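Working notes, structure below.
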């Protein structure tokens, strides 16, 4: 490499970048002379070659494109933790828009003279839009990163959200909810973004916290609009159509969030995708959507996710209407009760991901698969129990248990997803994510055609039966539920990797540590 006193030519710089890129992508260890110097005395952890940032406030693995090895919730520094919170708040905004109509379905049905079946058909329109858009945004993430597609989705879905108050017919309701359904695809970007920022050892926790706190928007919006803003506007104006004005709030919030994430976050630790492509630090394994669609494991996990996130979608849409129909609750009271499901995301999904990571530390992939299998069985049983609740006193505790199990199962599943095919992580996340929406459509059809109790029984039975899927997941290099032998090798390799990572702030000790290790490459997907 050129010395500090020399001024390299453009050709020398390009050659140096190309060689550095090849070393990073091949997993070769950098020598002391090639290490980027510490930017300041306050730097904590060095970055790798040609990064956007010369140091970070989290430990990183330089052989995996500076992905973080830890999560610091009290930090919002770029790039890792800024992306963490940008993904969370943008998914929160998207989820809020997606379910902003739910607390008002009862009122809309009465005002537009719609049947329960028609209301469920409008819900299906929303889910179908999410399915279609997820096929698009997954590959888009592989090409452009998660940041820009997330902003586009937020802005596009904010338009029909703001126009919801203009609905005067069943066709208009279906059209608006179809447009709002695009917001549901934000989940793919949020999960992909975390895959670019954090190593696989902690990706289960990162994905679960981001998705859980993002899903929290579905509960908050029920309380904010249905229990708070709507009663206030109705009393202040004396107008029964006050509900038509509340949808502007989540729409404006989403637009503001879109602007913030574009201006203040990054696509990956090494910078923006366009910069990484120019300087040669972009991973050279981008593929098409077809690479993801041919993965048997992706489709198996999509079915499992259909029986977990599909349940969440259905409950977020049905809970308010259910409490009105079965227990005679008012719009504001029903919205408050329905919000319980979404609010458990504050802890439940994160717990599912954390348990998955802990199981992985002790038993590798066998542990992750076992936890997913157990969680979804408990979830199915709690759904059936909730269906038999005939008083609010029994329904509310069962709803808390049910929603906690559903969210924990989702966290467990997305602790497995990053291992399926890291080269096309966006496409894989898109496939698994759309499985949740397909499940939402199927369960919505059940509620459209059956009584509440029958629909709950079908949903619970299907969820429990889907636990068998985890026995067929077989990721190359990792254990299955029927064979734990592969996990031992992966666990040992991961421990060796962790021991090799420099953690001291002193540059001399870092260089000595790097020189003293052998030239063995670090496993890319442990």
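Placed from the backbone N, Cα and C atoms, the Cβ positions cover glycine too.
Curation does not apply to TrEMBL; its annotations are automatic.
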Taking 19-40, 41-62, 327-348 as the choices, which stretch does TrEMBL tie to transmembrane segment?
327-348
Match it up for me: which of 263-285, 424-446 does TrEMBL list as transmembrane segment?
424-446
Does the chain bring the transmembrane segment (395-417) near the transmembrane segment (144-163), so that three or more CB pairs sit under 8 Å (pairs 6 or more apart in sequence)?
no
List, by number or range, the same-chain residues at least 6 past the transmembrane segment (298-315) whose CB is under 8 A from its CB atoms?
127, 184, 215, 218, 292, 338, 341, 372, 376, 379-380, 383, 402-403, 406-407, 409-410, 413, 416-417, 420-421, 428, 431-444, 447, 459, 462-463, 466, 469-470, 472-473
Within this structure, do the transmembrane segment (452-473) and the transmembrane segment (369-389) have 3 or more Cβ pairs under 8 angstroms, counting pairs 6 or more apart in sequence?
yes
Mark yes when the transmembrane segment (169-194) and the transmembrane segment (424-446) have three or more Cβ pairs under 8 Å (sequence separation 6 or more) and no when they do not.
yes
Please indicate, using numbers and ranges, the residues of the same chain that are 6 or more beyond the transmembrane segment (206-230) and have a C-beta under 8 Å from a C-beta there.
71, 84, 87-100, 102-104, 186-187, 190-191, 193-195, 197-198, 242-243, 246-247, 249-250, 312, 316, 320, 331-336, 338-354, 356, 407, 410-411, 414-415, 417-418
